[in-house]
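Colleague: Got a structure for you, questions after.
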Amino acid sequence: MGIKTALPRYELYLYTAVLAVALIWAGSWIFEASSENANRKTFKESVKPGWHYFGRKMDAADFEWVMWFTTFRNHILFALVGHVIFAKIFSLVAPKIGINGCKHRSLVFGVYGGLAVLVTMGWTFLALVLSHCIILYSVAIFKSKWMCFAAGLCTLASIKLEPFNSWQEALVTGSFNLQDILFYGGCGFSIMRCMSFALENCEKKEGNYTFSDLVKYNFYLPFFFFGPIMTFDRFHAQANNTQLIRKEREMWNITTKALLHLGGILVVDVFFHYLYILTIPSDMKLVAKLSDWSLAGLAYSNLVYDWVKAAVMFGVINTVAMLDHLDPPQPPKCITMLYVFAETHFDRGINDWLCKYVYDYIGGNHDQIFKELLATICTFAVTTLWLGPCELVYIWSFFNCFGLNFELWVAKFFSLPPLSTIESAMGEAMSRRIRGLFNAANFWAIVLYNVLSLNSLEFAKMVGRRLIFKGFPLSTLSVLLVTYCGVQLVKERERQQALLEDPEPVKPVDGGKEKAE
């Protein structure tokens, strides 16, 4: 089946109507549960006062969102705005003192980032990060990939495993609310960037990159604490580009994206006052009383929210990076658009890093079963270490690794005759419909495998048990039907994008022969 296979327009209209009604229906159940239980005792810690005049409380269960956009909003904005102003002042002053500002802008970014880290976290944290840089740079000059990986993973393990992480954290003096987040975020992303530098240095044919190249790359402030990770080869090429010319309407696009991110923040704020999607899953007694549709809506909305959060957070950072003439990793693909494990990720920077240095490096073209199995095992082993080894992460990694391989096994199985012969004999539209049924089931596997990392294992088990076993056949089939409608609409969007990128040639009249007069 080709990606450009079309379905009748009336059929797509039907799918749209079914999906819209189902989302409104599920949302009404969640809204009702949120309103009726706003004063529940178990909600006291996470449901805080909100819009007093409207009588609405606010779901404040996500510390990260609260940190970014309420409590520490001004601090983060001050640091990012300071970065932009510092770079702008340098670009204005540099020509007057005979310095090529474009040539040295990466150094300016590194100096400001280093000073910001020093002021925020203290000299001991800065010395710790520099020690990680020195260790990995020392290994990088030997140009051995396995040594770089071994040193990088050991360094990463030192901040993820006890007692090494506690010992390093104790070196950082001071105490404030953001310290834990900034410590582990700063060290973790720093080590991954150092590994990227080391592995790219192995690919350099002549000589080595300098230590200053590593420091300038690592201390770029917008990426330092929260990511996303931009691989060294891309950053080095873009940050040292002296031809700084804006594309047509580039500033308009940057402004538009910034306004969209602001709109996303406002929309999430509104939803948090009416739908307590983060707090409800923490109360399993309440969850057990909800309908199957409510559970399905909660699981789905939690993943959508996590995507919105990542898109907004990385979007704010990316806006600053684009002002610096960089092309940062894009926000992750929305969960609504996903129906295969191969495209599932919530951090495109980490995903690009893993694909380049682990998954694609080992798996090649990803069509051999055993190479794919080895590639996915190694990829999720590194991911497990990155997230921090624990029971929940082990379970998440196992199921997502299995899902990625199972997709390949199923694809290989259906490529064998007589199944491949049967599919080729049927019409392309019917093939798209049948594939959509399998994609719908796969979509819910993605939801269940990932919701446990966002909420809890108990909530994921409850959703799976209710939708697959207790709700069968009515709830199971109705949810799959709605999901099938959504998958077909996603496929239609992909078809339209494919046509824009590669338009089908217009067939000439009468086989190309001119009509006789």
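A Cβ is built for glycine as well, from the same backbone N, Cα and C atoms used for every other residue.
What TrEMBL records for this protein is below:
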{"type": "TRANSMEM", "residues": "12-31", "note": "transmembrane segment"}
{"type": "TRANSMEM", "residues": "75-94", "note": "transmembrane segment"}
{"type": "TRANSMEM", "residues": "106-128", "note": "transmembrane segment"}
{"type": "TRANSMEM", "residues": "219-237", "note": "transmembrane segment"}
{"type": "TRANSMEM", "residues": "258-278", "note": "transmembrane segment"}
{"type": "TRANSMEM", "residues": "298-323", "note": "transmembrane segment"}
{"type": "TRANSMEM", "residues": "434-452", "note": "transmembrane segment"}
{"type": "TRANSMEM", "residues": "472-490", "note": "transmembrane segment"}
Colleague: Do the transmembrane segment (12-31) and the transmembrane segment (434-452) share at least 3 Cβ pairs closer than 8 Å, excluding pairs fewer than 6 residues apart in sequence?
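Modeller: Result for the transmembrane segment (12-31) with the transmembrane segment (434-452) is no.
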Colleague: Which residues of the chain, 6 or more past the ends of the transmembrane segment (298-323), have a CB below 8 A from one of its CBs?
Modeller: 26, 30, 62, 64-65, 68, 80, 83-84, 222-223, 226-228, 230, 250, 254, 257-258, 260-261, 264-265, 267-268, 271, 275, 277-278, 280-281, 287, 290, 329-336, 346-349, 447-448, 450-451, 454-455, 459-460, 463
Colleague: Determine which recorded stretch among 75-94, 106-128, 219-237, 258-278, 434-452 has the most C-beta pairs below 8 angstroms with the transmembrane segment (472-490).
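Modeller: Stretch with maximum Cβ contacts: 434-452.
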Colleague: Where, among 75-94, 219-237, 258-278, 434-452, do we find the most CB pairs under 8 A to the transmembrane segment (106-128)?
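Modeller: Per the Cβ count, the answer is 219-237.
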Colleague: Which sequence positions outside the transmembrane segment (75-94), separated from its termini by at least 6 residues, show Cβ-Cβ distances below 8 Å to it?
Modeller: 68, 100-101, 104-105, 108-109, 112-113, 116, 120, 178, 221-222, 316-317, 320, 323-324
